[in-house]
Every structure is written in structure tokens, then in C-alpha cells.
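Novice: Per Swiss-Prot, the feature transmembrane segment maps to 1-21, 76-96, 99-119, 134-154, 175-195, 196-216, 238-258, 274-294.
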Amino acid sequence: MLTLLHLLSAVALLVWGTHIVRTGVMRVFGARLRTVLSRSVEKKPLAFCAGIGVTALVQSSNATTLLVTSFVAQDLVALTPALVIVLGADVGTALMARILTFDLSWLSPLLIFIGVIFFLGRKQSRAGQLGRVGIGLGLILLALELIVQAVTPITQANGVQVIFASLTGDIMLDALIGAMFAIISYSSLAAVLLTATLTAAGIISFPVALCLVIGANLGSGLLAMLNNSAANAAARRVALGSLLFKLIGSLVILPFVHPLANLMDELSLPKSELVIYFHVFYNLVRCLAMVPFAELMARFCKRIIRDEPELDTHLKPKHLDVSALDTPTLALANAAREVLRIGDAMEQMMEGLKKVMHGEPREEKALRKLADDVNVLYTAIKLYLARMPKDELAAEESRRWAEIIEMALNLEQASDIIERMGSEIADKSLAARRAFSEEGLKELDALYDQLLSNLQLAMSVFFSGDVTSARRLRRSKHRFRILNRRYSHAHVDRLHQQNVQSIETSSLHLGLLGDMKRLNSLFCSVAYSVLEQPDQDEERGEY
């Protein structure tokens, strides 16, 4: 039992090492890798090579598939080139399996030692993340060595020998067991290595080993399908296409396993080495043969998985790519783009508010819907940012993280205020057949125009971080407050003059002035984040 636990822990260490390498590479080169993938879609050979290269870096075809599916889900990459990239990823992971199974036991402690020094010394820097990659590679090599050590006593047990001795006849059953190995270990590499070790120990025959390798490849396709089961239709098509390619390859090669085994037996190499080489060349030949059929497979997948009908009319997040969370700069940029979409919705709310002020009560319903849309986007941004490893962010990234969440919160609060303003105008003015005085409506329009201008400038400052624009926004905030105070006094003067319309709408009018003042403060608060003024808190607190 203890030996089995050692094997399971070694497999877990292999998966964890792969995760650490992927995380480190994505944080250092994530944006560049995405650029490579997105720009390699014009020609199939480029897409194929991009899949190989990216997978070699991130140590996982599943990670590359996740990146590609996120692109397809956002309509950044078409399905056909995405399938070609995934085929390249399968070749890349097979090549890395060959490299990692060389005798590199001396390299493991060196990589871990140097990696820890860099990672702990400069954790949030580029060098620190490269140290993380070194730790991950060292753990992978250590895990591979531990797997070999753990399997050896297991293979000597009589019960295990009896179980594996039964794997001699049914090639389909052998392939399914290989797929099960890959799913249980969450890694086709671990399954292939286990197969090679069992072959070297003489526990399983060489033909059975080839079937297990073929099944392990199929299992990795099933894993990708399971990982994307909750994704949208576009992302599921990529996973389905990858699985079908592997299924077709398995069905084609399985009948020829015994002739291939007899042919490879003539090579003067250890059986364990032959298993690894078969894994490499099988994936290489299969993927190269499938590339010309990528477009046909894309059409088939679109027929099988159709676009889902849009039942929910609410605005939905478009840029919150989960696979970008390992690349903080990219994830923050995605969240910022989503905040800009909230800004667009806020502009629509401002336009609707003006229509309500001018006697169009139907717009009040549209304001409620837009407020719900803003809340949906704000919640999505908040949850997305909460999934980022905030403790590992660099100082600048941490500041930007706080800036994004604060801006999203301010806009969400502003949307609630605008929704309430529209409702109060409809209830107190339009329903009661009361109208603002001509002078009062002009003043509200002037404040509205200034407020809309400040909102647009605030979104520009938020996205660009331009100091000059931030200073201009701060000045605009002060001008708005002066104008708001002047119009409040003007309204009181009209009350002294016994203006009937002003008297009837007085509480509503003054309430709108106060709400606009609060909106202005919420919009303009981003200026202080950029300028980092010492009197920031004092200025923000004044409404």
C-alpha cells in the first residue's frame, strides 16, 4: 500500500511540476505566446509549428488547447487553424516526453536549487518567474525518477503480474486501459512513462505497450473534452475535433499494432526506449496526416455542436479569458477592457436619463435593464480578479488590480444612482404631470453635458493612465462642483420668486443636483489613482 501511495504521489508531483512550469512560462512569456498563436493562423504550417513550440514551452498540450479554445470562444481564431494548432500541440508534448525521459537525474537537483534561489530572491520579477520554471522542470525530472522507482516493486508483486498478464489479446481493451491511465494520472506523459517502465520490467508485452500508448493519447483527448464541457459551443468544438482526430488515429493504427511491434522488435534498442519513440512518431505521423483534413473536421464539428440560442438578453462579459489568469498583465488588460464596456453602458444610461428628464418615461425601463447589465459585468470582473494570485503580483500589477476593481465598483454604484434618478423623475414629475421650469431644465442639461464629458474623460484616463488627462479631469471635477453649487443657489432664487414649476419640482430638482454631484465624484475618482495625490482621500470624500 505504501508503495502504491509513493507511485500516486510521484504522479501528482509530475502534474504539479507541469503546472508550475506552465504558470511561470505564462507569466513571463504569456502575452508573446498568445501573439504567436493568434498570428500563426494564416497558414497551416505556421499554425502547426506554433502548436509545437508553445507546447514545448508550457509542457502541456492541454494548456495549449486551453489557450486556443479561449481564442475560438472569443472569435479571435477560426476553428480550422485552431484544430491545426492543437495537432501541433500533440506533437510538441510527444517530443517533450522524449526529452524528459533521457537520463537527466543530475539536472533535477540543480534546477530546483537554482530555481529556489531566483524565486525566493526576486519572487515578483521576471527572474523570479524563470526560477519558478526551473523549479517546475526539476520537479518533473524528479517525479519521473520517482515513478520508475515506485513502479519497480509494484511490478514484482504476483497480483499485479497476473493483472497485466491478462492484457495480451484484446487491442481495444488494452487501448481503453491506456486511456484510463491517462485520465487517472491527468497526464498522458505519466501514462506513457508508466507503460515504458512496465515494458522494461517484462510485465507487459511490447504489443500491449503500444496499445496502452495509443490509448493514453486518446485519454488526453477525453481530458480536454471534460475540461471544456462547461465552455461555450465554439470552445467545445475545438476539444471535440481534437478528440475525433485522436480517435480516428487510434482506429487506424490499432489493427497494425502486432505487425508494427514485430517490425520494431528488430531494432537494437531497449523496449522502454522503443515505447517512447513509438509515442513520438505515432503522434508526428498522425498529426501530419490529419492537417489536410482540419477544415473538413471543423465543418463536421460545427454540425455536431451547434450554436446555442441566446436566451439571456443581458450583456455578458466578452474579454474575461480564464486561461489568461496565469499572465497577470494580460488578465488585467482583459479586466480593463471589460470595465470599458461598463463605461459604454454608462454612456447609454446617461443618454436614457436625459430622455427621461425631457419627458420620455419609456426610457426608464431601459435604464433598469442597463443597470442590470452593469451589475452582471461588475460581478464577473470582481470574480475574475478574485481568482488572480494577488500575493504574487508585482507592485505595479497590484496597483492596477486595485484601480480596476475600484473603477468597476464606482461605475456600478453610479449605475444604481442613475437608475434611481430615472425612477424618481418618472414617479415625481412625469406621473404627477409636473415639469421642470425652463431655466431649471437648462441648468440640468448643462450639468448633464458636463457630467457626460467627465465620464468619457474618466474612461480615457482609466485606460491610458495619462497624467495630463488626469489633471484635466481633476480640474473638470472642481468646475462641475462650482457649477452645481451655482445652480443650487439659482433654484433657491426661483423659489423666492414664487416660480410655480420650481416649487412643484423643488425636492426632485435638488435631489437630482445632489445625485449628479455624487456621480461626478464617482466618475472622477480615477484621476487621483493616476496622480496619487496626498490629498486624494479628502477630495474623494467631498460630495
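Note that Cβ sites are derived from N, Cα and C of the backbone, with glycine treated the same way.
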Novice: I'm a bit unsure how to read this: which one of 1-21, 76-96, 99-119, 196-216, 274-294 has the highest number of Cβ pairs shorter than 8 Å with the transmembrane segment (238-258)?
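Specialist: That would be 76-96.
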Novice: Taking 3+ C-beta pairs under 8 angstroms (sequence gap of 6 or more) as contact, is the transmembrane segment (1-21) in contact with the transmembrane segment (99-119)?
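Specialist: They do not touch: fewer than three Cβ pairs between the two stretches lie under 8 Å.
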Novice: Who are the chain neighbours of the transmembrane segment (76-96) in space, where the CB to CB distance is under 8 Å and they lie at least 6 residues beyond its ends?
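Specialist: Those are 37-38, 40-42, 44, 47-56, 59-61, 64-65, 68-69, 188-189, 217, 220, 234, 237-238, 241-242, 245-246, 279-280, 282-284, 286-287, 290-291, 294-295, 297-298, 301-302, in sequence order.
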